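K.L.:
Sharing the record's features from Swiss-Prot:
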type: TRANSMEM; residues: 16-36; note: transmembrane segment
type: TRANSMEM; residues: 59-79; note: transmembrane segment
type: TRANSMEM; residues: 95-115; note: transmembrane segment
type: TRANSMEM; residues: 124-144; note: transmembrane segment
type: TRANSMEM; residues: 154-174; note: transmembrane segment
type: TRANSMEM; residues: 178-198; note: transmembrane segment
type: TRANSMEM; residues: 213-233; note: transmembrane segment
type: TRANSMEM; residues: 254-274; note: transmembrane segment
type: TRANSMEM; residues: 278-298; note: transmembrane segment
type: TRANSMEM; residues: 328-348; note: transmembrane segment
type: TRANSMEM; residues: 363-383; note: transmembrane segment
């Protein structure tokens, strides 16, 4: 496994602890005497005005539209690198996690739709349980240390990247608002400029960021979700260059700490604060949170494992080296940790759906993701060989 992937796995696993702390802090504040201050902080208006450009949004939307665009820029860089030289660079390597990712998105979406098909507003949340939070999933896996085979970590990483790619497509197709043709035209022009820069071998990251900023503003104003600008810029950064060995890897390395230790924890803090006041068992079992909980905890492992098993049995794909189906099943449960990615989709799905839909969806995400983390950890602990014990025995 390359040094880049090793560093990535180590960093993302460590950030999971900070994510948990950020989410817990948000929950504590939302259910304490500081709830009003917490909400007021998120509602703080932040205005940026440059000549005719005027962007005035609450802090919450700056986090969701701005900071998360940087996160999706990183996702774009990761997907491109893996497709060119990593775990997704060959058909044999990519087939198994790709098929698993498709199953892991379809089954949760169908389960959610089953419980919410009659509610027009709730139906918009069908993609919420389809996402996987790679930081949390790798963080849980890291608790088992060297017992986890490298090939199993790479499988989870590749699956999560495919999952992210699916989320990007879903956002583009299903969560786009009424379009502004003028802003969209500027966005297309900025994209073509980035493509031209890539084709002519431009490798100065600063120029890509400058055009990328124009693209982000245009996409923000167009009605398409602004995070897609980050993905586009990520795909346009060249893997190799004349001045720099790899502009893509250089930018990826620079963004990882900011994403792991600031952007995702800040997003978790801003979106995980669910007030539990007046929420009882009946609320927890209402269609929206129930569909999300079952989608994450039941649908994810059902979809990932079943379609993976069928693909191997039918000869369409093959298991990674040194990995068995028990371990794949355990990892498929960990894929039900939706958390930040699920909350991001929920913020888009219920942006205009009312307070209850937003709160109930976050509640379902928290419960479903927690169950997936606990059960997934226990299942993986049972499925993995006790390598450390074996090594200590050999030394006697």
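Heads up, the Cβ atoms here are built off N, Cα and C, so glycines get one too.
What's the neighbourhood like for these features in this structure?
P.N.:
Nonlocal intrachain contacts for the transmembrane segment (16-36), taken as residues 6+ away from its ends with a CB within less than 8 angstroms of a stretch CB, comprise 133, 135-136, 138-140, 142, 260-261, 264-266, 268-277, 339-340, 366.
For the transmembrane segment (95-115), same-chain residues at least 6 beyond its ends with a Cβ under 8 Å from one of its own Cβ atoms are 87-88, 123, 125-130, 132, 155, 158-159, 161-163, 166, 287-288, 290-292, 294-296, 298-300, 302-308, 311-312, 316-320, 328, 332, 335-336.
Listed as Cβ neighbours of the transmembrane segment (154-174) (distance under 8 Å, sequence separation of 6 or more from its ends, same chain) are residues 1, 5, 8-9, 72, 75, 78-79, 82, 87-88, 93-94, 96-98, 100-102, 104-105, 127, 130-132, 134, 137-138, 141, 224-225, 227-228, 231, 304, 320, 323, 328, 331, 334-335, 341, 345, 348.
Here the transmembrane segment (178-198) has long-range neighbours at 207-208, 211-212, 214-215, 218-224, 229, 232-233, 236-238, meaning same-chain residues at least 6 beyond its ends whose C-beta is under 8 angstroms from one of its own.
When Cβ-Cβ distances below 8 Å are used as the criterion, the transmembrane segment (363-383) is approached by residues 23, 27, 128-129, 133, 136-137, 140-141, 143-144, 148, 272, 274, 276, 279, 283-284, 288-297, 300-301, 324, 326-327, 329-331, 333-339, 342-343, 346 of the same chain, each at least six residues removed from its ends.
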K.L.:
Restricting to CB pairs under 8 Å, which listed stretch, 59-79, 124-144, 254-274, 278-298, 328-348, is in contact most with the transmembrane segment (213-233)?
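P.N.:
Most contacts with the transmembrane segment (213-233): 59-79.
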K.L.:
What stretch, picked from 59-79, 124-144, 328-348, has the most CB pairs under 8 A with the transmembrane segment (278-298)?
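P.N.:
Most contacts with the transmembrane segment (278-298): 124-144.
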K.L.:
Would you kindly check 59-79, 254-274, 328-348 and say which stretch has the most C-beta pairs under 8 angstroms to the transmembrane segment (124-144)?
P.N.:
328-348
K.L.:
Which residues of the same chain, at least 6 past either end of the transmembrane segment (59-79), have a Cβ under 8 Å from a Cβ in it?
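P.N.:
For the transmembrane segment (59-79), the list is 8, 41-46, 88, 161, 164-165, 168, 212, 216, 220, 225-235, 237, 248, 251-252, 255-256, 258-259, 263-264, 266-267, 270-271, 344, 347.
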